Each structure stands twice: as structure tokens, then as C-alpha cells.
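Taken straight from TrEMBL:
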{"type": "TRANSMEM", "residues": "6-27", "note": "transmembrane segment"}
{"type": "TRANSMEM", "residues": "39-56", "note": "transmembrane segment"}
{"type": "DOMAIN", "residues": "69-119", "note": "domain 'NADH-Ubiquinone oxidoreductase (complex I) chain 5 N-terminal'"}
{"type": "TRANSMEM", "residues": "86-109", "note": "transmembrane segment"}
{"type": "TRANSMEM", "residues": "121-144", "note": "transmembrane segment"}
{"type": "DOMAIN", "residues": "135-417", "note": "domain 'NADH:quinone oxidoreductase/Mrp antiporter transmembrane'"}
{"type": "TRANSMEM", "residues": "150-174", "note": "transmembrane segment"}
{"type": "TRANSMEM", "residues": "240-260", "note": "transmembrane segment"}
{"type": "TRANSMEM", "residues": "272-293", "note": "transmembrane segment"}
{"type": "TRANSMEM", "residues": "367-386", "note": "transmembrane segment"}
{"type": "TRANSMEM", "residues": "406-427", "note": "transmembrane segment"}
{"type": "DOMAIN", "residues": "421-598", "note": "domain 'NADH dehydrogenase subunit 5 C-terminal'"}
{"type": "TRANSMEM", "residues": "456-472", "note": "transmembrane segment"}
{"type": "TRANSMEM", "residues": "484-504", "note": "transmembrane segment"}
{"type": "TRANSMEM", "residues": "582-602", "note": "transmembrane segment"}
Amino acid sequence: MAHTPTNLVALTTSILTIIMILNALANSQTKTFYLQAQNAVKTAFFISLIPLYLFLSDDNANTSANATWFHLGASSFPFTTQFDSYALLFLPVAFLVTWSILEFSTWYMQTDPNINLFFKYLLIFLLAMVTLVCSGNLFLLFVGWEGVGIMSFLLIGWYHARANAATAALQAVLYNRAGDIGFLMAFCWLATHAQSINLPYILSMPPSTLLLIGFIVAAASKSAQFGFHPWLASAMEGPTPVSALLHSSTMVVAGIFLLIRVHPLLTQNSTALTICLCLGAISTFYAATYALTQNDIKKIIAYSTSSQLGLMMVAIGLNLPYLAFFHICTHAFFKAMLFLCSGLVIHSLNDEQDIRNMGGLQHALPMTTSCLSIGSFALMGAPFLAGFYSKDAIIEAANTSYVNSTALLLTLIATAFTAVYSMRLIYFASMMEPRMNPILTCDENDSRVLNSLKRLAMGSILAGILIFETTLPSHPHIHTMPAFMKLTALIITITAFIIAYDLAKVFWTLSPKRHVMSKEYDPTFYNHLFHRSLTVTTLNSAWQIITHILESIMLKKIGPSYVEHIQITPIQMVQIAQTARIKTYLSAFFITLFFATSILMIT
């Protein structure tokens, strides 16, 4: 690529943002490191706007840099960065969201004695995600991939003295390691069929189904698709800022971003696209169904994340990677804001997380409940909010495409469920009469909290229209569709919203029932089936097999059965001499006595 002045400026400023983070990490021993970390990310955000502006004003602002990291025999491992449209747009979003989360954390974690270590982990986590996004080859991408995995383990298990936190951290690692088998499978295939691991070279190769399945498995585990989804809800055991950063713009979208990077290969393989479409539809439906049955405010938001990740996977399956990336950017703002609002509510209510014990918070926490409502409306795709532009575009694309009708139906049902559980969250948390302890003191007047929520609220409102107007193709393809098809997503959302509101009111007028037939929709059903029943069945089967083998070996080959077998012949020989006659015994006695006496006399 020819390095024009514009490209050089874009490259320099992009690398400078990374240097700002590294410089902050180098001073991590100071007492005010957490403030330096916040300022470093803040500065990195404003610097990252420069290459973004150059990209928007000049379509040729994409640039890259190459260097060889180290050599291993005849193989070299290059250090290749790639600052294309995806990276240049993602970096400001990631930095802005992280800046808001870090500022919120200075208030939320102010009593933690290890606050500097916490901020250090967050910065390394961000640096690993930036490495993943800006990588120009699979090796560097894998470094960032494993980096976010390791840091997620440390952050989810921050309260490691709690059994649930330690278990959740271990569960996240195990599920991600299972998915990494797919990444290693792709690496092995490339090692035998490719001459380079640089992305441009890989994307120019003929597609292989085995290679693409490896990428899909890796993405499914990292982005918590169906089958790999339980770890995402368990990750709620970490501090709220960790949940906000993990579930918004960093780790959970890494899998989707990997598929966006290799999408030119997916385009040429209909099998891989079908797998992505069906997997995404099932994931978004199941996660939305789980969210309907939850009463924990953080788990409702967590399952909504899994549902939106499934919707992004649907966009990949529809051969529309730019819509998936569009939804990544808009989703980052309102999902981070939802988690921060939930953390503030939980903190104000003395660690109460059950939405059935809330209510009337619009009077006690007006700013928080306003942001919670904005985030929930953006999540359900309310008109002119950020989620409306990205989410409805995916639904419209699915309506006009010739794809699996079952996948389309599941996606539409999940869209309706999104409106239901979002309305349920708003209704129980903000509306109705207060149901919490009246002596609790709720305070949201700290500037660190308000500034964080305001920035994310502005992003939840304006990010959709800004990205839509500035980054989409200037001459898009014109598609015509009936009005009812154009408004399908909006109609479903409004209908589900109204139904959810009526059901919420009816729920509190009826006496609660002791037994509710919702067990099969609860995530514990999945956990019981796959985590406990499957494991116990496997262990019992292995125990029976091993016991049978040991019995056959120890008893028949080495143990009593074998000893009995080898003793039968000498016993039979001795039995012949046992005639039960006194003459025989006396003769044997005197003969033995004679030989013994002779031997003694000779010696």
C-alpha cells in the first residue's frame, strides 16, 4: 500500500492511542494510577478521532504496518497491524465506552483496597481487545484473542473468595478453551495449506469448509452462542464495571469480529453462512426466552447481550457483515449504560438484585432510571435511538432475503421477546409503588456517575444516526419492499411492548402461584441437563467400564482366579499321593527319615 500523507497521519495517530495505554501501564505503581488510567483512555479517545476523521474525509485512509516479531526455524511470526474502516471506527467506540466505565469505577470501586490492580486489569483487557481489532494476521489476532480470555478470567473472579465468582471465572475459561479448539483447527489447516497467515493472503485463498467451521466454533464460544452460552450469565459474579466492559464492546463481540474479518471466505461457502444463520437464530431466541424468566436485574441484561450477539450472528449468516459491525457499535453504548445503571441500583438498594423487590425508583434515582429506560428502549429498537438503525436493518434484511424461514421466524419472535423483557425491567424497577426498605438512602449525585451515564446516554441516542449517515456506502443498492414488511420489526416491538405492559399489571393483581411451569425455560434446566446430568452419566458409565475391566484383569488374569488356576495342577499331583492308607504314609515316613539321616551322617 502506498503510504500517502493521510495514511501516515492515520497510522501515527492510531499507534499513538496504543502508546497512551502502554504509558499508563508503565506507571501502575503510583497511588493515583486509577486516575492516570482514566485520563489515558480519555486522551486515547480524542486522539482516535483523528484517524476516524481522515477515514471519513478520505476513503483511502486505510493503512497498515508490518514488522517481524520473531523467527522459529524456517517460519516467521509477523507483527502486522491493519487500520481499516472496521478498526478506525471501533477504536473510538471502545475508548469512549471504556472511559465512561473507568470513570464510573473510580466511584464504584473506591473502597476496594486493590483498586489500582483492578484498573490495571481493565487497561490490559482493553489493550488485548485493541490488539485483536487492529491485527493484520491471525497470529497477532490470536494473541489478542487469548489476552481477553485471560483477563476475563481474572476480572470475573475478582471476588475470588466467593465460590460463585471463582466458579464463574473457571466456567468462562473452560467454555472459551473448548472454542479455542476451533481456532487451533483453523491454524493447523493453514499450516498445511497456506504460505502465510496474513489476513489478505488468507482471504484470497479458495474457501475450505473445515477452515470456516473452525472459525465458527471459535466465534461461537467467545460470543456465547447457543451451546456455549452459560458462561455469559455466570460472568455476572464479577464487579459491575467488569460486566459493563465485558458485555458491551470488548470480549463478547470478539467472536463476531473474527467472522467479520474472514467474511470474504464465508461469502463463498453457503454451508458456513447457513450454519451462522441458524446458530444465530437459535441463540437469539433461546437467550431472549431465558431473559423472560429472570428476576435478577443483571442476568436479564446479560441474557439480552447473548440475544443481541445471536442477532449479530444472523447478520453474518445473511451475508451482511457491515450490519453486524454496525450493531456492535450501537450495542456497545446502550448495553454498557444498562449495566452501569443496574450496578448503581444494586448499590443503592444494599445489594438487592431482584426486580420484584424494587419499584418507584424514578423518584429516588431519576437520572439512573431515565438512562435505564433510554437503554431499554434502544435495546428493543425504539425509533430514532441507536438500536433502531442497526437492529431494524438486520430484521429488514432478513425479511427480504431468501433464507431459512424457521431462522427468520425465530429472529422475529426474539425481537418481540426483547420488547417484553425490556418493558418488564422498566416496569418493575422504575414504576409502581416502592417495594424496598424505606430507610435506604439512594444517592446518584456524584459527578463521576452522572458524567459516565450522560456520555453513554448520548451515544445510545446519537450513535445510530451518526454511523448511519457517515459510514454507510454513499451509493447504496436500492431495495423496494411493501410498507408492512418495512415496518415489521417496529410493529412487533410495539405490539410486544403493549402486551408486556398489560401482563405486568395483571401479574400484580393476581395472587402468586407456588408452582410455575417455567422450569424448562430457565437456564438451570440447561445447566442441569448438560452440566450435571451429562457429567454424572459420563462418570457413571466410565466407572462401570473401568470397574468391569479391572475386575476382569485383577480377578481373572492376576488375582484369585489366576492363583487358583496355577495351583490346580500341583494340588492334583499331591492328591494322587494321598491314598488314605497307613502303609503308604509309614513307608514315605521311613524313606524320608532314611534319606535325612544319610545326609546328616555324610556331612
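Every residue gets a Cβ built from N, Cα and C, even glycine.
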At a C-beta cut-off of under 8 Å, are there same-chain residues at least 6 beyond the transmembrane segment (582-602) that contact it? List them, or none.
none
So which of 6-27, 150-174, 240-260, 367-386, 406-427 is most in touch with the transmembrane segment (272-293), counting Cβ pairs under 8 Å?
406-427
Determine whether the transmembrane segment (367-386) and the transmembrane segment (150-174) share at least three Cβ pairs under 8 Å, counting only pairs 6 or more apart in sequence.
no
What residues elsewhere in the chain lie close to the transmembrane segment (6-27), defined as a C-beta under 8 angstroms and at least 6 residues from its ends?
33, 36-37, 39-41, 43-44, 47-48, 50-51, 54-55, 58, 60-65, 81, 83, 87-88, 91, 95, 120, 123-124, 126-127, 130, 134
Under an 8 Å Cβ to Cβ limit, what residues of the same chain, 6 or more beyond the ends of the transmembrane segment (456-472), are close to it?
56, 85, 89, 93, 96-97, 100, 322, 326, 329-330, 332-334, 336-337, 340, 370-371, 374-375, 378, 384-390
Mean pLDDT over the domain 'NADH dehydrogenase subunit 5 C-terminal' (421-598): what is the value?
72
